[in-house]
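Annotated in TrEMBL:
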type    : residues                       : note
BINDING : ASN113, HIS118, GLU123         : oxalate binding site
BINDING : HIS116, HIS118, GLU123, HIS162 : Mn(2+) binding site
DOMAIN  : 82-215                         : domain 'Cupin type-1'
SIGNAL  : 1-42                           : signal peptide
Amino acid sequence: MNHPIRAGTTFPSFSNMASRISTMKLLSLVLSSFVIVQIALAGDPDILSDFLAPNQNNVDGSFFTYTGMRVLVNQSTFPANFTILKASMVEFPALNGQSVSYAVLQYPASSLNPPHTHPRAAELLFLVDGSLEVGFVDTTNKLFTQSLQAGDMFIFPKGLVHYQYNADPNNPAIAISSFGSANAGTVSLPKTLFATNIDDTILAKSFKTDVSTIQALKAGLA
């Protein structure tokens, strides 16, 4: 049975309904984007226990202790070449699931930590002693550089190409780096490009040079 429409009855206009639907879609998009951003910003996956161990019922304080850095305390001579001493989940399994790792970097006079990236974490470097020239390149190919003195800190954003160079010809430098991942990973550009059997012709074309130059670069890294 049809009911008569009373005088004065109003209905929402199609424009108002469309506006509400658009607003709801926009809100949904914003919320979805927020979730995606949070996932993108996250480091290692969250774990559902206090820690990860082969047998959590049979661990003691030794599992959470790493003694590999003691060599620095007992070190009588500085390394002749650039040296990294790491404490990642590879060396220190208790870090698995904790989203943190550590490295001590020793730079003899005039030594270099070549351009490289850490695909899974940013790097926060603290210069303990000496001086360093540091830099990174962003995704627009802009170079950011800085001269660091002892006591300075510098952040290398996640995944960006960066380097450190001890330009002092007479004095060494030492730095400590922390990472927001238990396994930040390192991709060395020289080794990745010239020590992984990428075809010489491909590299020559990429760098707009000749094959003999590429072969010489590969030989230098062999």
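Yeah, the Cβs are placed from backbone N, Cα and C, and that goes for glycine too.
This view paints the features noted in TrEMBL onto the structure.
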{"residue": "ASN113", "record": "oxalate binding site", "Cβ neighbours (10 Å)": "22"}
{"residue": "HIS116", "record": "Mn(2+) binding site", "Cβ neighbours (10 Å)": "19"}
{"residue": "HIS118", "record": "oxalate binding site", "Cβ neighbours (10 Å)": "23"}
{"residue": "GLU123", "record": "oxalate binding site", "Cβ neighbours (10 Å)": "25"}
{"residue": "HIS162", "record": "Mn(2+) binding site", "Cβ neighbours (10 Å)": "21"}
How many whole Å apart are the CA atoms of HIS118 (oxalate binding site) and HIS162 (Mn(2+) binding site)? 9
Composition by DSSP (helix, strand, coil) of residues within the domain 'Cupin type-1' (82-215): 21 helix, 57 strand, 56 coil
Roughly how many angstrom lie between the C-alpha atoms of ASN113 (oxalate binding site) and HIS162 (Mn(2+) binding site)? 9
Between HIS116 (Mn(2+) binding site) and GLU123 (oxalate binding site), how far is it from one CA atom to the other, in Å? 12
Other residues with Cβ within 8 Å of the Cβ centroid of ASN113, HIS118, GLU123 at the oxalate site? ALA103, HIS116, THR117, LEU125, PHE156, HIS162, GLN164, SER177, PHE179, ALA184, THR186
Non-site residues, in chain order, whose CB comes within 8 A of the mean position of the CB atoms of HIS116, HIS118, GLU123, HIS162 at Mn(2+): THR117, PHE136, PHE156, LEU160, VAL161, ALA184, THR186
In Å, rounded, how far does the Cα of GLU123 (oxalate binding site) sit from the Cα of HIS162 (Mn(2+) binding site)? 10
